[in-house]
Amino acid sequence: IRSFVMNETKAMEFILTGFSHFPDLQIPLFVFFFLTCLATLTGNVLLMTIIRVHHQLHIPMYFFLSILSFSETCYTFAVIPKTLVNLIAEEKSISFTGCAVQMFFFLGFGGTNCMLLAAMGYDRCVAICKPLHYQVLMNDRVCSKLVTFAVVTGFTLSLTVTCFIFTLPFCGGKEINHFFCDMAPVIQAACTEDNGIEIVIFILSIVVVFGTFLLILLSYVLIFNTILKIPSTEGKRKAFSTCASHLTVVVVHFGCASIIYLRPKATCSLEEDTMISVTYTVVTPLLNPVVYSLRNKDVHLAIRKGLGRKLCTWMR
């Protein structure tokens, strides 16, 4: 009886069944995840290195971008290593503690990314709407405070959510219909029908996802209002081009997050969520260095300078 009560109180491990329905795709999925993860790591490390080495990129916009690249890389590595192991292992399990740790870091870096994107939107707003006060309003101290706020808030909310979820009673050997420990699948694995926790999680999701998106939306309303007042077409084009990369990343990032976390429960399909989750855990972090490398003239110039120096050194 005592053993039964303990099993009802806490599960020692979970079974991740996200891709178990596709046995013939295990190896192709492993290759896809591995190559995408490798490309994400390489792209973000290169972008951070370029920003670090080239002094012309030592401005707030690229400071936030380097922090975002680091956070996106950690966000991916909170999920993918265990996913790769489970794709080639017969037992696709994760321990109770491992599941809690994975959720904590995944949500922590995810929340941090949302707030960093909001900080980047504010930076672009100040640069376009208040160009004469930009150096004062976006000095090093302000930028550091914004990053610190994003990290502390992101991980505080993550710790709160993770503690709420993992104080629920779990039965032994429960299956999670996902390839990692996300909130909704873990809650559905609990041995309880109490939906109070889901309401709390939904409110916190609104605060992080919808709240930061509203801040970004407000920044762009002010930006577009200022751009419309610029008399020349070329001036408008240059002003908007400084925001295009950030806007692209925002649309993809918040689009996927909204589909997963801001929907009514009745419309949720864990099978569909699994496929959408592949996008925001693997593809979106890779999008960040690709978009900023392809669309940003300053990064293009820094890359060309770096390649030129290497070529000159090699020719000598």
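Please read every residue number as a count from 1 along the shown chain.
Every residue gets a Cβ built from N, Cα and C, even glycine.
What TrEMBL records for this protein:
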type	residues	note
TRANSMEM	27-47	transmembrane segment
DOMAIN	43-292	domain 'G-protein coupled receptors family 1 profile'
TRANSMEM	59-80	transmembrane segment
TRANSMEM	100-122	transmembrane segment
TRANSMEM	143-168	transmembrane segment
TRANSMEM	199-227	transmembrane segment
TRANSMEM	239-262	transmembrane segment
TRANSMEM	274-294	transmembrane segment
Annotated stretches the transmembrane segment (239-262) and the transmembrane segment (27-47) touching (3 or more Cβ pairs under 8 Å): no
Considering the transmembrane segment (274-294), which listed stretch of 59-80, 143-168, 199-227 counts the most C-beta pairs under 8 Å: 59-80
Chain residues in Cβ proximity to the transmembrane segment (199-227) (below 8 Å; excluding those fewer than six residues from its ends, i.e. six or more beyond): 111, 114-115, 117-118, 121-122, 124-125, 128-129, 154, 157, 160-161, 164-165, 183, 187, 236, 239-240, 243, 247, 250, 254, 257-258, 261-262
